[in-house]
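Annotated in Swiss-Prot:
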| type | residues | note |
| --- | --- | --- |
| TOPO_DOM | 22-242 | topological domain 'Extracellular' |
| DOMAIN | 44-104 | domain 'Ig-like C2-type 1' |
| DISULFID | 51-97 | disulfide bond |
| DISULFID | 146-195 | disulfide bond |
| REGION | 338-377 | region 'Disordered' |
| COMPBIAS | 352-377 | compositional bias 'Polar residues' |
């Protein structure tokens with residue numbers, strides 16, 4: 001059993017919307033949570049947490065999933081944004097927000113994406129160096145080393161202007177420090193880097209940043225940033241942009257699909273009208289063909305007439321001298337095919353057959369009278 005293209009398109013569209021577009025719990029979309037100016041905040045600084053929701057919810061509640069609880073978040077609602085100032089180590093952790101409508105207090109959105117806030121400045125800063133040096137040729141491999149006398153468990157490398165960071169475990173070195181080597185691969189263009197240290201027990205509480213390390217590249221530059229060995233979190237902006245693209249694709253499909261279905265319906269209706277008119281046309285053509293004279297049929301009728309005429313004028317004396325065997329004359333006409341005679345031709349043929357039967361009966365009567373002996377002679 002084959003499925004029509006319309007059914008297949010509707011099934012694919014429903015699967016796409018169910019799997020890709022709607023990221024929801026309880027039938028509602030997720031809000032989007034972000035931090036401004038950055039999710040990496042120095043101790044004593046400030047950060048604004050923002051929630052965005054496309055379905056009209058403009059009142060939100062914010063809660064912290066891990067780390068030390070934040071009392072000012074309890075039973076608090078806010079409009080679109082929430083300012084944390086001054087930032088303390090207790091504010092480090094993962095946040096989510098949920099939206100609701102004031103006229104429908106029981107209708108809540110699904111939890112937003114996780115937003116991780118890192119608080120820096122809690123420990124002494126590490127040092128950052130480059131091998132083979134801070135100035136390299138284009139295409140030359142570069143390795144950045146972050147080290148400290150403190151026994152950090154993890155080092156975090158960030159590039160200026162980038163939201164994500166690279167993370168590697170710290171290992172003891174021969175000189176008594178704890179360090180991590182970040183291989184960047186072939187150098188492409190100059191950038192400025194910093195690194196931080198942290199411990200397993202408090203992964204969101206970082207040290208002071210290292211001194212900035214500018215790496216300059218000589219030669220033809222190109223843009224590249226190595227894939228993180230262990231990314232700490234994904235940027236929310238990229239996920240939000242991806243969701244917007246999927247929403248746009250869904251809207252375009254919903255716009256095009258009705259026109260496609262209307263076009264198919266009109267095409268089928270037009271084809272049905274053409275099929276209904278076609279048999280009448282064939283009948284007209286056949287009727288016109290039957291009215292035309294067929295030269296082969298006329299020739300056949302004239303040939304039979306000549307044969308019957310020849311038999312009529314044959315005398316009795318001649319027939320008595322010949323064997324009583326009728327001679328049939330058959331002439332094969334080229335490419336002759338049996339065809340139905342028109343009413344006029346059929347009437348003419350019946351007339352000829354009747355005339356032929358009368359001629360044959362008269363000839364037999366004359367022959368019988370000539371063979372009977374005269375009485376009284």
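The count begins at 1 with the first shown residue.
Cβ coordinates come from backbone N, Cα and C, glycine included.
Computed from a predicted structure; not experimentally measured.
Positions of Swiss-Prot features highlighted on the structure.
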{"residue": "51", "record": "disulfide bond", "Cβ neighbours (10 Å)": "27"}
{"residue": "97", "record": "disulfide bond", "Cβ neighbours (10 Å)": "25"}
{"residue": "146", "record": "disulfide bond", "Cβ neighbours (10 Å)": "27"}
{"residue": "195", "record": "disulfide bond", "Cβ neighbours (10 Å)": "30"}
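Counting only the Cα atoms, the space from residue 51 (disulfide bond) to residue 195 (disulfide bond) is about 29 angstrom.
The two recorded residues residue 97 (disulfide bond) and residue 195 (disulfide bond) have their Cα atoms spaced 30 Å from each other.
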